[in-house]
Amino acid sequence: MESVIVAIDGPSGTGKSSTSKAVAAKLGLSYLDTGAQYRAITWWMISNGIDANDADAVADAAGKPVIVSGTDPSRPTITVDGVDASGPIRTEEVTSRVSAVSAVPEVRALITELQRSIARGAAGGIVVEGRDIGTTVLPDADLKIFLTASPEARAARRSGELKGADVRATREALVKRDAADSSRKTSPLAKAGDAVEVDTTELTLDQVIECVVTLVEERRSATEGTEKRAGAK
Ligand SMILES: Nc1ncnc2c1ncn2[C@@H]1O[C@H](COP(=O)(O)OP(=O)(O)OP(=O)(O)O)[C@@H](O)[C@H]1O
Ligand SMILES: Nc1ccn([C@H]2C[C@H](O)[C@@H](COP(=O)(O)O)O2)c(=O)n1
């Protein structure tokens, strides 16, 4: 298999970004953080005075910002209209509004097309992480992983990241965002039928990375074996 497309989905805080970046770096693949793109369009809406809960206004403006994602796993970047958005997209304000903006079908249609064109352009292969990659964006991905972890583990991880954050409040915010992302009508957060589920609750990050690298390598050798047998006929 010359190039491999890996889709990594799952709820918030399950380790998608950390795992995807490390797996892509180890295997020499590109990396795409699709959550960052939804955050970027949300940041643009806020910056331009558009109410995230006004779905019509969000839909009308969705085509205006130009979002560009850099796919080097050692230095992922994101710009909106040429401006570095990597800091602003991580604010609490963006986090609290991103589920509403990303539920708007016109936003999803535009961002999904952007994601597909980035994946098509990644000649050596790519790891794409998000919520609907295996189900909607790249349903033909070579390998689909669905990461899970208990809300308690996820909240503890996030609270460690946001020093001093209240674990209970963090847990409630995570669960609320997952519920919104899972219940929207258009391509909700969901496990694809053919995805491999990995529960990371009791695993270290290194163990999760190793597990996914092994799954990619197994898939690669299985496909290469099939291609060789087909070539020999
Ligand atoms: N298996 C693990 N054990 C301990 N900590 C972990 C593990 N996986 C990830 N982490 C830590 O948990 C935090 C959240 O991880 P990460 O940002 O990769 O999750 P995510 O699924 O991409 O979240 P989101 O969807 O909200 O962006 C990070 O601080 C990361 O280092
Ligand atoms: N494929 C995706 C990726 C992300 N989203 C939405 C839903 C998330 O709450 C939000 C932020 O993602 P994060 O940075 O936390 O991974 O973006 C989505 O709808 N589809």
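Even glycines carry a Cβ here, placed using N, Cα and C.
What you see is a predicted model, and the numbers here were worked out from it, not measured in a lab.
Here is what TrEMBL says about this protein:
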BINDING   GLY10, PRO11, SER12, GLY13, THR14, GLY15, LYS16, SER17, SER18  ATP binding site
COMPBIAS  174-184  compositional bias 'Basic and acidic residues'
DOMAIN    6-217  domain 'Cytidylate kinase'
REGION    174-193  region 'Disordered'
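Feature map: annotations from TrEMBL on the structure.
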| residue | record | contacts (Cβ under 8 Å, 6+ apart) |
| --- | --- | --- |
| GLY10 | ATP binding site | LYS16, ARG131, ILE145, PHE146, LEU147, THR148, LEU189 |
| SER12 | ATP binding site | ARG154, LEU174, ARG177, ASP178, ASP181 |
| THR14 | ATP binding site | LEU147, THR148, ALA149, ARG154, THR200 |
| SER18 | ATP binding site | LEU205, ILE209 |
Listed in sequence order, residues not in GLY10, PRO11, SER12, GLY13, THR14, GLY15, LYS16, SER17, SER18 with Cβ within 8 Å of the centre of the ATP site Cβ atoms = THR19, GLU129, LEU147, ALA149, ARG154, THR200
Could you tell me which of the binding-site residues GLY10, SER12, THR14, SER18 have their C-beta within a distance under 6 angstroms of some atom of ligand 2?
-> SER12
Secondary-structure category, per DSSP, in which THR14 (ATP binding site) falls = coil
By DSSP, what is the split of the region 'Disordered' (174-193) into helix, strand and coil residues?
-> 10 helix, 0 strand, 10 coil
Excluding its own, the Cβ atoms lying within 10 Å of the Cβ of LYS16 (ATP binding site) add up to 26
Average pLDDT across the domain 'Cytidylate kinase' (6-217), rounded to a whole number = 96
